Protein chains: 2
Amino acid sequence: MKTDIEIARAATKLPIARIAERLGIGADEILPYGHDKAKISRDFIDGLRHRPEGKLVLVTAINPTPAGEGKTTTTVGLGDALNRIGQRATVCIREASLGPNFGMKGGAAGGGHAQVIPMEDMNLHFTGDFHAITSAHNLLAAMIDNHIHWGNALDIDPRRITWRRVMDMNDRALRDVVLGLGGTANGVPRESGFDITVASEVMAILCLADDLQDLQDRLGRIIVAQTRDGRPVTARDLQADGAMTVLLRDALQPNLVQTLENNPALVHGGPFANIAHGCNSVIATRTALRLSDFVVTEAGFGADLGAEKFLGIKCRKAGLSPAAVVLVATVRALKMNGGVARADLGSENVTAVRTGAANLTRHIRNLRGYGLPVVVAINHFATDTAAEIAAVQDAAEAEGVRAILCRHWSKGGAGAEDLAREVLRLSDHPPGFRPLYPDEMPLWDKIETICTRIYGAARVEAPPAVRARLESWQAEYGHLPVCMAKTPYSFSADPTLHGAPTGFTIPVREVRLAAGAGFVVAICGDIMTMPGLPREPAANRIGLDAHGRIEGLF
Amino acid sequence: MKTDIEIARAATKLPIARIAERLGIGADEILPYGHDKAKISRDFIDGLRHRPEGKLVLVTAINPTPAGEGKTTTTVGLGDALNRIGQRATVCIREASLGPNFGMKGGAAGGGHAQVIPMEDMNLHFTGDFHAITSAHNLLAAMIDNHIHWGNALDIDPRRITWRRVMDMNDRALRDVVLGLGGTANGVPRESGFDITVASEVMAILCLADDLQDLQDRLGRIIVAQTRDGRPVTARDLQADGAMTVLLRDALQPNLVQTLENNPALVHGGPFANIAHGCNSVIATRTALRLSDFVVTEAGFGADLGAEKFLGIKCRKAGLSPAAVVLVATVRALKMNGGVARADLGSENVTAVRTGAANLTRHIRNLRGYGLPVVVAINHFATDTAAEIAAVQDAAEAEGVRAILCRHWSKGGAGAEDLAREVLRLSDHPPGFRPLYPDEMPLWDKIETICTRIYGAARVEAPPAVRARLESWQAEYGHLPVCMAKTPYSFSADPTLHGAPTGFTIPVREVRLAAGAGFVVAICGDIMTMPGLPREPAANRIGLDAHGRIEGLF
């Protein structure tokens, strides 16, 4: 059996200008990066403003397990399948973070015969967007310390600077640092630290901005610190927003690549799915909608986190309305949700599938609660038995939803044509998207609504200080949506509770205001914003072979 | 009078594929970055190995003053002029560092009518080379701390780690930090810090590497720390060299852009001229030589530092031999060397020019000592008087060298045709390059040779510990050249001593081994490896105008 990278290398790539041409984008309207990647020019995008938009399809999943679900693979396979049945479909996914590839085996863009290429570039520097975000973020950080160094006219309290630095690297030694040491020439000593670049609020902002002006406005609103008397200090107060926008000017333009079947894919942005909203950029999604009949996109983690944030943050703020939702499940993952250990996944266990399907059922009900038509995609594995597959289909049909077996991993778009036809059928109805909560609902009530109605929690707890902070933001920021930071492995805050747990409490430990991105983060557990490398990092084995090709990255 | 950026924006750029075509590079042999930048593909470069090489012209200068000399401007103007008189000439210069542009007014690529474009991109992310270097450098740093975290099998002494982290940003607060704080999950607390990316040994290595294999070999030789019993620990010991090479694979390919007159320019690499060798990459220079009749390149600072390192490190290690040297001077700068204050530069002062010309004379003698033909380029300013210009010419002619008035800043290549003809004449002789010292000379003697013969020092001093370190390296590394780190503003180590001082002592305070780059750094004074931002950073004024064009960067 061929590996993902072998399949990717055997693919016949079309010149990226040909892919652009299929979307109606001229050769002068793209900015090529090599022959297989390009950015779509700002001017071209500006010219699309009044075009009608195609239909948006969200691919989400049951809660992730170590068995693997295949959300990106299904997104790519469905995109290819829609093209095969005569629709002009574009795939929109996130960019990969560089750092983690040197820790564990790299996160490719899809897998098997449903991939986006060139995968080597996409797992390394790609078109430099994340480097630009790193630079913009760290320029703001340097300007904060520089401001204090030169007299601190804004009266920033060095103990209350919340803006850390970022690096696109797994580097645990940078989590907590003391900087500004070495004497008066080096600024003011203080505690701080580094996050990984994808956790930067600048990343979330880039992914939610409508255009350059909106980008600059949002960057200016970033709150970096408080003064000694508790007033917020923004990036605009430091006059950093213009220079940050300059650093991000090119990065704001979405990246065009292709699937293995030479269909267009926009790969743009990658906010951390745990402390941010976890979906690709609004600009990419909107551009694709104006150039296609269908746009297939995905959101991070399972539907409790990914779809909820996609709908509650991205769709709400950008005015997007999905035409259909694909909920990805695998027999293996449902078995794990049903209590089977990873080592026993190879044996048939219909009972476990039925038990685990409670997870699927709750996600279906949640999604239908948004007024959205749903189809379940069963991402096929060779070990799945007919009885197990039937058990999944029974569970879905009990909710009035079809569950369709998909073989895009082994067969490419041809393996997902049935899914594509069901998506076509579902999206033929007028959109009925209803947000979970209105903008004017108080912040705490928004958190409770998500926890009880989506997660199925019995109650939500928070220390008085957390409630007080939410209260203090209510007047100025109460209209913002909430971005939940919770374990993706369970509906609850306990990663070991699989299936569809009930009666649990969600503890909100901390809240953070992302005034630039435009959401309030509610942290329910330990959230890691700077990963570390494992004992044997993948970097030890990564290198070039005799032909200059990359080994060990995949 | 038009500003540099106005002139640059008014230029008619040719598509980069057309520029490549003029060098005999096909459209498939470049990797475009937008329509005005491209990398030359590794495969194409590999295919040039047996091509004959054109002639190499070094542009260097008198010691820099605040009056400005115009080395890059002269490099570009001479390249354009050589093309005008029928030679196929390519300009090879360094890439700009991003960070400093947000501190002071940005360093454009040349000026007036002698510029390389697109200058906005060149002063920002360009093709991402410096970001790749930052990533490779910091991956190695993360792997050091990770190795210690997981048990420290190599017995690295955390107090003797010399490998710091880097960022392409002016950020004084990062000069000295304590990292690894926050408990056992975050590694081992220790002192460290950040340098600016151009100061990274990875940068010097990229600029000296012959090809990918040589790059990886050099990266593997980097010494990052010592064990508790004093043995060196290398990047190869940490198995980091392969992954670092992967991160640098694309960055090793030189970048092709164009001058205002649509002539080819390779802009590649940018090692700090103070603690590294300060010239563009060997790969770019060699590629250009194989595609052109003439290659015009420059080296950092004045000829005492820049030309000495260009000849003693780059030419020595790469086997390059310049056909001629252009020594840039201005009447204004010579007046400052002759003791005139900056405010008085507008008034004629022939006596001061004559006094200051001692600086010019010593540089001429030094360069001729290498067996190289020299021409002085007087970079014309509107305030220069005929008598002042004649004084410069007299000083040059007293050394048997012509001094040619150049007006490329105001007239482009047409203003430097006389200079081009003189270069053509000088380079018609067989090359006579003689290195200053042989490889086998002991390290200390190399330092003494540079200080006495090039700087004109009376003596060289060093603490016993410095002499002992050099002794300890002699057996294994004694064949390496020396890379001097000294103030550029004087032949001496005292930046206030202008002209051609004598009788001074050069104090060598510290020596460092750059085993990967392949040189020993001798530090003679305070060397800043992480700049800070000024009180009013340029970033405060940088932004986009209503047309999305960058303001305040230039």
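Backbone N, Cα and C define each Cβ position, glycine as well.
Here TrEMBL flags A:THR65, A:PRO66, A:ALA67, A:GLY68, A:GLU69, A:GLY70, A:LYS71, A:THR72 as ATP binding site. Every protein chain considered, the tally of other Cβ atoms within 10 Å of the Cβ of A:GLY70 (ATP binding site) stands at 26.
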Per-residue Cβ crowding (10 Å cut-off), top of binding-site residues A:THR65, A:PRO66, A:ALA67, A:GLY68, A:LYS71: A:LYS71
Neighbouring C-beta atoms (10 Å sphere around the C-beta of A:THR72 (ATP binding site)): 23
Cβ neighbour count (within 10 Å, all chains shown) around A:GLU69 (ATP binding site): 24
